[in-house]
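> Here it is, the structure in full.
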Amino acid sequence: MDLFQTLVLALVQGLTEFLPISSAAHLILVPELTDWDDQGLAFDVATHVGSLAAVVIYFRHELRRMTAEWLGSLAGRGLTPDAKLAWAVGLGTIPAGLAGLLFHDIIATHLRSAQVIAMATIGFAVLLLFADVSGKRTRDEHSITWKDVLVIGVAQALALIPGTSRSGITITAALLMGFTRQAAARYSFLLSIPIIALAGGFEILGLVKEPEENIQWGMIVLGALVAGVSAYLCIHYFLKLLAKMTMLPFVIYRLVLGAFLLFLFW
């Protein structure tokens, strides 16, 4: 893997992890357009580590408060908004975790085709548009209820379908529940922390079972750094943009991307 390939793939991972545009669609498109070989599991682990570091660093102050208040709730000091948000992140991860354990083999065998990815990219773009137009957009993430946690958590499980976009489907669900665009995105990004950690851990187990030979450690480290920096900038500017714009540009992009994938692979 050369320098240019490392930079492109790390940027794709860092940007598509948090934008509602489907990382699977891009990760199938890039090799098709470039004819590159598979980058290997070690590189995937590195870019996931970079993305995870980015979201943890970006929300470090919120995470510190949430952790302290969560520990306080365990000690019987009541359920403050930050403690409830911490519980919401943990409990909201359960549906996707269970679905991943139960349906991983089925998804890997039957749903990783380019056609499925293209149709999911298009279909969930339409749903995102509907949520953006119809949602009340009056609530922030600290007003979250257990019903919200269940709905958004189940929605996140749908992201196991390639082409859905984890951030896209969780933002969609949060908008439908009345959250503002920024609050929907913030909760989605907080939810990504345990999910990315679980995915990275699963990949590390695979790497331990079947170690790769001739790992290019320089490119691995570079990939993690590029993915991390690009993910951090993506989170920062995406949240700023949501204060001024709708989801329409991302919907249009997904529709065009999905149509292009159908054109290439149908």
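Note that Cβ sites are derived from N, Cα and C of the backbone, with glycine treated the same way.
For 8-28, 39-59, 87-107, 113-133, 188-208, 219-239, 246-266, the entry in Swiss-Prot reads transmembrane segment.
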> Return the stretch with the most CB pairs under 8 A relative to the transmembrane segment (8-28), choosing among 87-107, 113-133, 219-239.
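Per the Cβ under 8 Å count, 219-239.
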> Any residues 6+ beyond the ends of the transmembrane segment (87-107) with a Cβ under 8 Å from its own?
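Same-chain contacts beyond the flanks: 66, 70, 73, 79, 144, 146, 148-150, 152-154, 156-157, 159-162, 187, 190-191, 193-195, 198.
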> What same-chain residues lie close to the transmembrane segment (39-59): Cβ under 8 Å, and 6 or more beyond its ends?
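Distant contacts of the transmembrane segment (39-59): 1, 5-6, 9-10, 13-14, 17-18, 186, 189-190, 192-193, 196-197, 199-200, 203-204, 206-207, 212, 215, 219-221, 223-229, 231-232, 235-236.
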> Six or more residues beyond either end and a Cβ under 8 Å away: which residues meet both conditions relative to the transmembrane segment (219-239)?
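Apart from its flanks, the transmembrane segment (219-239) reaches 1, 3, 6-7, 9-11, 13-15, 17-19, 42-43, 46-51, 53-55, 57-58, 182, 185-186, 189.
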